[in-house]
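Below is one structure, written out as structure tokens; comments come after it.
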Amino acid sequence: MSIAVLDRPMSRQDTPSASSVPSACDCMLEVRGVGKSFPGVVALDDVRLRVRRGTVHALMGENGAGKSTLMKIIAGVHAPDRGEIRLKGEPVVLHGPLDALNRGIAMIHQELNLMPYMTVAENIWIRREPRNRCGLVDHAELRRRTQALFARLAIDIDPEAEVRTLTVASRQMVEIAKAVSFDSEVLIMDEPTSALSDVEVHHLFRIIRQLREQGKGIVYITHKMDELFEIADEFSVFRDGKSIGTHAASDVTRDDIIRMMVGREITQMFPKADVPIGDVVLSVKNLCLHGVFRDVSFDLRAGEILGVAGLVGSGRSNVAEALFGVVPASSGEIRLDGERVSIRTPAQAMRYGMAFLTEDRKDTGCFLNLDLLANMEAAVLQRHYMTCGFVRRGALKQDCEAMSRTLRVKSPGLHEEIQNLSGGNQQKVLIGRWLLTHPRILILDEPTRGIDVGAKAEIHRLVSALAGEGVAVLMISSEMPEVLGMSDRIMVMHEGRVTGIVDRKDASQVRVMELASR
């Protein structure tokens, strides 16, 4: 299967005029001619960036464009191969993340780095704990400091709760509070809203505006255009490891940014084709999981894309996990082609032709220390490529390479560790893993979370093509344009129950939000 995206070379006339260059006195952070290479990949090539005091500077670019690599260099995680970093006009050499923190640079990573079995307060003040006269940790003072920090940021989380008990969104807020606690001059946020609800995003933006008013320089990596126009003063675009340009957010349009990011025009963001809808493949009736969701009923047909919408905590992901046997339902009925089945494990679900892309690629998707081949073959090795106890390595590698090309995975090759890839390319590998199983039913939980605009269009085109081949698709998404643009019908959930199923022709953002808040 091939993915077609109309490419048009970008000319200089497509690029908006650059914003004014910041003066030396208000430049908090400057990057000059930085380059960085990894085995087989040039991650950064002569990159330049300036961040002014009291501004939010957004970074935009496709996955693999070099944004996160540059931020890790600024935060002391990686050392540049060449180039220079300046803080307040003075050149610096960073000798690790702790050195960067001591110099006033804090970073909130895209993949959260909290200790799950430590409390919230312990995570925030780790290696900076207040101590009593005996040299022991003063837990009362630790709690007081955390409460004061949370009060300042309007965060409602118990300081003594273990991090492992928190939702992903709450963990993200703890990471943000931890970064703020260092009182850093430069704060780097890498996709900070990827797991947040709309309410939590607005809360985060209030915090960012507060920090901006205090004169902080904030670097904000995002793929979301709406966020750029709402919160950013300036933005820089990266493409293929190079800085394309810096502009005032008020000077450009959405189409300008897309052309700068991908170097081409994307003619159709949601290429949903009208395909014949077949017979019911999956029928769910009164499915329940005690304390999580109840009485969930719906049908899914061959060739149909059934979108699932709802606010964070509505139970959407839990239903997907129950269908795939990750956390089996406590009651209810699942039928495949009219036959009642019991799905208690993922292995059983796979035997019935089901595939499941989880929402958390780091914890439940990728084997981070293994290469692309191992990650892609994980679901098919024993079932499709074993003969008399021997693995048909040639056929396996050939199919994985073909899938990698189809999905346009950017990597040095199949033997590159997946942890070295950008989040978007990791997501493509996981999608490839499940497509190799040739599923009849494909469950996608946030398939384009953390994906750049070009890759989103490719994945949307792929999903539409799969539906055209008769695959039944259940697609969970928190992005309203994606749900409205890609779905034949939309099932809406609120507090663990289905509040309505809307046909494509009757669906609107207002209608879906009404059902999601019932």
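Easy rule for this one: first residue shown is 1, then count along the chain.
Every residue gets a Cβ built from N, Cα and C, even glycine.
In Swiss-Prot, the region 'Disordered' annotation falls on 1-22 of the listed ranges 1-22, 45-66, 331-352, 485-506. Secondary structure from DSSP puts Gly64 (ATP binding site) in coil. Taken as a whole, the domain 'ABC transporter 1' (29-265) shows an average pLDDT of 89 in this prediction. Under a cutoff of 8 A between CB atoms, and with a sequence separation of 6+ in the same chain, the neighbours of Ala65 (ATP binding site) are Phe238, Arg239, Asp240, Gly241, Met261, Ser422, Asp452. Taking Cβ-Cβ distances under 8 Å and a sequence separation of 6 or more, the neighbours of Gly66 (ATP binding site) in its chain are Lys36, Ala43, Leu44, Val47, Phe238, Asp240, Gly241, Lys242. Shown are the binding-site residues Gly61, Gly64; of these, the residue with the fewest other Cβ atoms within 10 Å is Gly64. Counting every protein chain shown, the number of other Cβ atoms lying within 10 Å of the Cβ of Ser68 (ATP binding site) is 25.
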